[in-house]
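**Q** Not my notes, these are from TrEMBL:
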DOMAIN    24-152  domain 'P5B-type ATPase N-terminal'
TRANSMEM  40-59  transmembrane segment
DOMAIN    175-227  domain 'Cation-transporting P-type ATPase N-terminal'
TRANSMEM  212-228  transmembrane segment
TRANSMEM  234-252  transmembrane segment
DOMAIN    277-390  domain 'P-type ATPase A'
TRANSMEM  407-428  transmembrane segment
TRANSMEM  440-463  transmembrane segment
TRANSMEM  907-925  transmembrane segment
TRANSMEM  945-963  transmembrane segment
TRANSMEM  984-1006  transmembrane segment
TRANSMEM  1026-1046  transmembrane segment
TRANSMEM  1058-1080  transmembrane segment
TRANSMEM  1100-1122  transmembrane segment
Amino acid sequence: MFERSLNGYNRLLSDHTYLNKDTDEEFLCYGYKADRCKEGLFLALVVLTGGLILLLLQWRPQMVCYLRKRRCSLNHADTLLLQDTYKQYSLAFIEDKTFPQSCDILKDILPSSATTGESDDDSPTDTSQLTISHEEIKFRYFDHQHVRYIWNRGSQMFSKLKDLSEGTKCVKIQESYHGLSVREQKQKQVVYGENTIEVEVKSYWRLFIEEVMNPFYVFQIASIILWLCDNYYYYAACILFISLVSVGISLYETKRQSVTLHDMVTTHAQTIGVCRGEEEYEDVPTGELVPGDVITIPQHGCVMTCDAVLITGTCIVNESMLTGESVPVTKTPLTHQEDEEMYSPDLHKRHTLFSGTQILQTRFYGNSKVKAVVVRTGFRTAKGELVRAILFPKPLDFKFYRDAMKFILFLGCMAALGMTYSIIIYVRQGVYPMKIVVRVLDIITIIVPPALPAAMTVGTVFAQSRLRKKGIYCISPPRINFCGRLDVFCFDKTGTLTEDGLDMLGVLPIKNQGFCGVVEDPSTLEVGPFITCMATCHSLTIIDGELSGDPLDLIMFNSTKWVLEEPGKDTSKFDTIMPTVVRPCTKDTFTSDVNPFEVGIIRQFTFSSSVQRMSVITRTLSQDGMELFCKGAPEKIASLCRPESVPQEFQDILHRYTIQGYRVIAVAHKKLDPKLTWHQAQRVSRDKVEFDMTFLGMMVLQNKLKMQTKPAIHKLKEAKIRTVMVTGDMIQTAISVARNCGMIPVKDRVIIIEASPPDAHHPASIKWVTAETPDEGTDHYTDSDYTEDVHIDLENPHKTQNFHFAVSGHSFGVLTTHFPEYIPRVVVKGTVFARMSPDQKLQLIEDLQNIGYNVGMCGDGANDCEALKAAHAGISLSEAEASVAAPFTSRIPNIECVLQVMREGRAALVTSFGCFKYMALYSFIQYVSVLILYTFDANLADMQFLYVDLVITTSVAVLMGYSGAYHKLVPKQPPGSLVKPSNLLSIVAQILLVIIFQISAFLYLYYQPWYKPVKKNLDADNTYCWETTVIFLVSTYQYIASAFVFSKGPPFRQPIYINVPFLLTLCTLFAFSTYMLMLPYKPILDFFTVMPLGTTTVEFRSVLLAFSVGFIFAACILEYLIMDVKCTEKCLSSCSHCCGKGDEQNDQYRKIQNEIELSNWPPVGQVTYAALNEPHVEIEEELMRSHGAILVN
């Protein structure tokens, strides 16, 4: 008892806790409250720093708590400091709401201990917080990223506000919700908030303030102030103008994107009927809906603004905005199979109307209304979660950006050295303190150029523009650089690698307990259970006179050449007497006096991926009793049929077609109890009827590859990009498609991992099975087909090189749970992942990332949405609203867009590297020039700074990114790290060249007989002197040369001569510098504050030109003939590994590959058990006898 009480006090006094534990939205929550002493000290700091301390609070929200508040228990906190898994901080402010004690409706919303003054046994009583008056109830909450968290007084922690989508029984939704009163609805509105999804569109003024507060612009403002103090008026004015233009463009783009997103997600105000109990209805604005409301769906449809569960009637829904599939979906009323079944939007999506989807039609029975129970509102809906994913994306963690910050820090250290050197020089020269301060601070703006961040994004901006012109849109431009480093690309199958549509190859009906061969035209079959199943087991419907539904159902039904009729109006087709009817399209059907053969569809059990089947209950005219027809995955249907009805050759025939890539659907039939009434048929659960069926046969459909798939996969393989298929289709079909498109080469083996969970007699196990290979040019298999590609080395019989794993979703789940140590190896060698659920697709992406892969993903539907968001580069081929969360959306309906994105990604990454290296070297060139001039109490003139920074550097940095992507992908990857030895050595070597040539030029000036050192001037800068003239002229060539050597072309970008504007700019700048040096024109010299070069000899000017041209040649030789040579790269790489500075995470998957190649793993033909983790040998005798091999256990 004492320990329990102690635990309660510990929770009560705790000042932090974890919220959303073990989820993607997990964050650490710290409690703070106001502190008057700290507030007083903070005000003093604001005054002393002139308000600059407020900038720190803008950049680091956690400083608000550190400087103005004090830590306290969460129970007493008024402010929360939230830290997410990416170490990013944000603030949340706690609010209180009060209700009358009589609010019984709140007991279903808030935790029981939050609505009473009592606490549980583990929690002590704190009278200051937990005691509640008899007149009112208080509850505390805060909102974070549009999610509301409420305070639970029992557990002394915050938890996410729940709605009916969590922990609610299906039977409760069906039987307990009959409508809320106005009073109950208003009370719930206070807790849940408005049912709206609003994307805030900030005003231009607010955007301007937030943009100006960015550290980059704050640094620029400080630099401009410094230059004004130093009398650099022209330069400061130009930089200010450019900054304002940059801010204006940025604000326009930000505003435009906000407006676009706002318009896309906002639903126009509308009203909807709400049940107030019994048969009383009232029209209310949709923004006032709350979980628990019972709404009526309009007869002619509407756009849903909440997630709701159908309880009566049926709806035809267009979910293309969420799924990308324009096929209308039939939503049926919620049914429960057992009393304890919990409602889940994912498991019961066939009964759920999702926010953002369009109701095309409603259908009802008799005069009853189509009603649904609201389960989620606002940002808690499926659409709301999608919008939240766009508003709060996962932060990017790209090594390039981390290295850039390290390099900027290094530049800061160099600035500190230069500042120290300048102080020493100026103090010795007796310069005034104020001038020393200005000069020293000027060093920072030189070594860390304000334009550096902008220059690094140039390549990305141009790449995004080029992709847009090709129909590929990117909502996250930094992701483009990720595309340059991808190692593996995952593809969905249907609609991505293959066509959306299917072709009917034929049907395989059963006759005399065996398959009677392929019937290519199903309409020629006699009227019987098989063709009746094809004509009735579907979810097709007539909309505006046209048959609509799933493409597979359409192909199946049209192949029968039957007709479908839905009597009555579109909105009342489900009358009690007139169900949907199908009949053969024959002469006898329409002319015979005898009752025609007609089948009425009484009840549909819609298709669900979790059960892998759909079924219908039908009744045939003039016949007694009802029948059940079922179609679905062959293995699932066979398991639900009577064993004697399934032919012995079932597995062989199934393999024959699935291994060649055909899609196979099995059909089955069952006569139901004659006593089953119509009303009982409407309420019976599917598991009560879907058993002991009679197997009827199979349908074989062909899903063709898109014509662009095979060439695209070939190009990716040539570039050493690993390709993986992640699909929901059968594993044999997926393997066949993988072979046909080139993912799996012809001579490579495929090993299927068959993992089984533990049961009462055996632990979890893995069976390693070699997949069969179809015999080319035939439609059947021989015994040799099963062992054709099995190569067993007699000296090392376990050795399995050039193999690929194929894993089903079921086996993947078993591996994750019982064999987690095998997951890294499986994902390294896995090429086909079949029957994968959306969650498993996401898990696979994360598993690949965890071992160092840079992963891309390409899919076409909402099933891939989570995986597309999680991948480093997710490309959606769908224009659905759900796909907006993907970084890339392509209007190119095939995987050629993958090649485009990767080529542009490589070009953008190389451009970013080149721009960064150029800007770094530009800084060092100017840094060296200024330090040399400071030594002699001289400095560059205003116009000289302006010419270098704006005319040369800005134009060069912008046009450097104009080079397009190379025309093909190559095996070599661009560098991913700025601080890798080759990059650092390149920059350091170029800096040394700069120092050598600038000092050499100055020494040449120094030894001229006419040279006289500049006279010291303590009041002003010495800008009109020979030291400044020589250093300025020589450095201009160095800027031009640096731009040339760092603007590399193939194999990632087009050659430099293709970038005509850039090349013309370099030539023009070179010609102008040469003209100014060799043919000095006095007005130009005066404009740039250059000494009269015409008074010097031609020899002097020629030697300076020789220095400049010599630097260009030396820089090119160093970069192209020394740094880019493979020998140099290998030496530097070896040195890096010897020093232990290799990237261990990036090398992890390579280490796994090497371990597999050097080991006897996997144990093909054996079974691995989880308990012993030892292989148990179960070898097929025929296989081993055929090879004469002996396997040693």
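Including glycine, each Cβ sits where the backbone N, Cα and C put it.
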**Q** Using a Cβ cut-off of under 8 Å, list the residues of the same chain at least 6 residues beyond the transmembrane segment (1026-1046) that approach it.
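**A** Residues 914-915, 917-918, 921-922, 925-926, 929, 932-933, 936, 938-941, 944, 947-948, 952-953, 956-957, 960, 990, 994, 997-998, 1001-1002, 1004-1005, 1011, 1013-1014, 1056, 1066, 1069-1070, 1073, 1076-1077, 1088-1091, 1093, 1104, 1107-1109, 1111-1112, 1115-1116, 1118-1120 contact the transmembrane segment (1026-1046) from elsewhere in the chain.
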**Q** Near the transmembrane segment (984-1006), which residues from the same chain, at least 6 beyond its ends, have a CB less than 8 A from one of its CBs?
**A** 917, 920-921, 924-925, 928-929, 932, 1026-1027, 1030-1031, 1034-1035, 1038, 1042, 1045, 1103-1104, 1107-1108, 1110-1111, 1114-1115, 1118-1119, 1122-1123, 1132
**Q** Take the C-beta pairs under 8 A between the transmembrane segment (440-463) and each of 234-252, 907-925, 1058-1080, 1100-1122. Which stretch has the highest count?
**A** 907-925
**Q** For the transmembrane segment (945-963) and the transmembrane segment (234-252), does the number of C-beta pairs under 8 Å, pairs 6 or more apart in sequence, reach 3 or more?
**A** yes
**Q** In the same chain, who gets a Cβ under 8 Å from the transmembrane segment (1058-1080) while lying at least 6 residues past its ends?
**A** 951-952, 955-956, 959-960, 962-964, 1033, 1036-1037, 1040, 1043-1044, 1047, 1049, 1088, 1090, 1092-1094, 1098, 1101-1102, 1104-1105, 1108
**Q** Tell me the residue counts in helix, strand and coil for the domain 'P-type ATPase A' (277-390), as DSSP assigns them.
**A** 22 helix, 38 strand, 54 coil
**Q** Do any residues, 6 or more residues outside the transmembrane segment (40-59), come within under 8 Å Cβ-to-Cβ of it, and if so which ones?
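**A** Those are 67-68, 213, 215, 218, in sequence order.
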**Q** I'd like to know the mean pLDDT over the domain 'Cation-transporting P-type ATPase N-terminal' (175-227).
**A** 87
